[in-house]
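Taken straight from TrEMBL:
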DOMAIN    21-297  domain 'DUS-like FMN-binding'
REGION    363-384  region 'Disordered'
COMPBIAS  371-381  compositional bias 'Basic residues'
Amino acid sequence: MAKLQGFEFWSRTLGGARHVVAPMVDQSELAWRLLSRRHGAQLCYTPMLHAQVFVRDANYRKENLYCEVCPEDRPLIVQFCANDPEVFVQAALLAQDHCDAIDLNLGCPQMIAKRGHYGAFLQEEWDLLQRMILLAHEKLSVPVTCKIRVFPEIEKTVRYAQMLEKAGCQLLTVHGRTKEQRGPLSGAASWEHIKAVRKAVAIPVFANGNIQCLQDVERCLRDTGVQGVMSAEGNLHNPALFEGRSPAVWELVEEYLDLVRQHPCPLSYVRAHLFKLWHHTLQVHQQLREELAKVKTLEGIAAVSQELKLRCQEEMSRQQGEKPTSDLPFFHWICQPYVRPGPREGSRNSGACSKRALEEEEGSSEVLSKNKQKKQLRNPHKTFDPSLKPKYAKCDQCGNPKGNRCVFNLCRGCCKKRAFKETADCPGHGLLFKTKLEKSLACKGAQLGLQEPQQAGPGAPGGFSEVVGSALA
């Protein structure tokens, strides 16, 4: 059977999917996909997988895709990040029997993507992307799709999309933000860019960005003309988004935990999901937020969630007939959107900011980062005050901290080079080149003493000069 392409692929293989759950690193695992499908999602993506690791590591393949056959988890698109056509295709060939399409991630804006040279940081390398898509289109038995971010210019974004289509991309997801728009600097996604792309290509287009509720989905479909709408953060805070419902948080939490028991995943994934689902409630019950961060088992997480449920139900009984007193549209125990604050707003309201530069800009540099707060929880006596940190003497050669007992006043790396060159010892760094040479010479001398007198002469083979040369070598 010939491989389906474009709109035929979307309508027949994907069932004309309009409600799509985004690929989310460590967050769109099987249990979460099944939960989302139960509540209106028609298509899901796997988390972003690293093509190179997928090719070389059988355990990685098993953990992320081969773990079990799950007929309910279809249609499914597997997403890879890659920057090499051959590696991308090798990974895709290993995955194609377990999914309905292979997606190339061209949208990740994080610094890890910049260091790894993938995601949105490939969007200027059109020749490379053409080769990757073309090769995958030729070799795979399933379609290849792409998820991109936009350029500031609509015209360039349109040309970018047309280039990918021409190379063989059969479905395009457009996140209406640039690669610079991330974290607290996200801002609103541009549906104008998405609309322009949809008009310019002859393949199905999914829109991503600004989706917090079902009304946003319907408005996006109407305003942009796309075939489907993808949600990430909206889905994480309310998996029933595509149903148009806002249930009590504990309903979805309990359902999700049951799915995790059937389809286990790392505890860090589960904890992250509950932090999103209980986000607004954890602002009220800060102590339970700390408990959720500390527990080490799935049942421990379930116990904290149960306690949150009981506290919310007590509060509900006291507030019957009343309206929420906060700025939230619903009471905090109801699944609802989380609107990410801008940098200045976030700094004023929370007293903390995720970016060090923004902390300094707002004059809140004394606030510890989340990682430092976690370290302080583990070790209450730990200090992060620079003025209280011990001052280290510098290595005479490279400027790194020197060893306190180094005979050369150097760091270990520089000391090792010098001690080797001079055949010297440095007990402070445990380097004993001189001692080892002397032992070697003594050992060779003992062996010579046991040999015949005629073989021990100065010019004979195995004489003292040869021993010394061998030891020094």
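We count from 1, first residue shown onward.
The backbone N, Cα and C atoms fix where each Cβ goes, and this holds for glycine too.
Since we're looking at a predicted model, the values are computed, not measured.
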With a Cβ cut-off under 8 Å, give me the same-chain residues at least six positions beyond the ends of the compositional bias 'Basic residues' (371-381) that come close to it.
-> 290, 293-294
The compositional bias 'Basic residues' (371-381): DSSP-derived helix, strand, coil residue counts = 8 helix, 0 strand, 3 coil
Find the average pLDDT over the domain 'DUS-like FMN-binding' (21-297) in the predicted model and report it.
-> 95
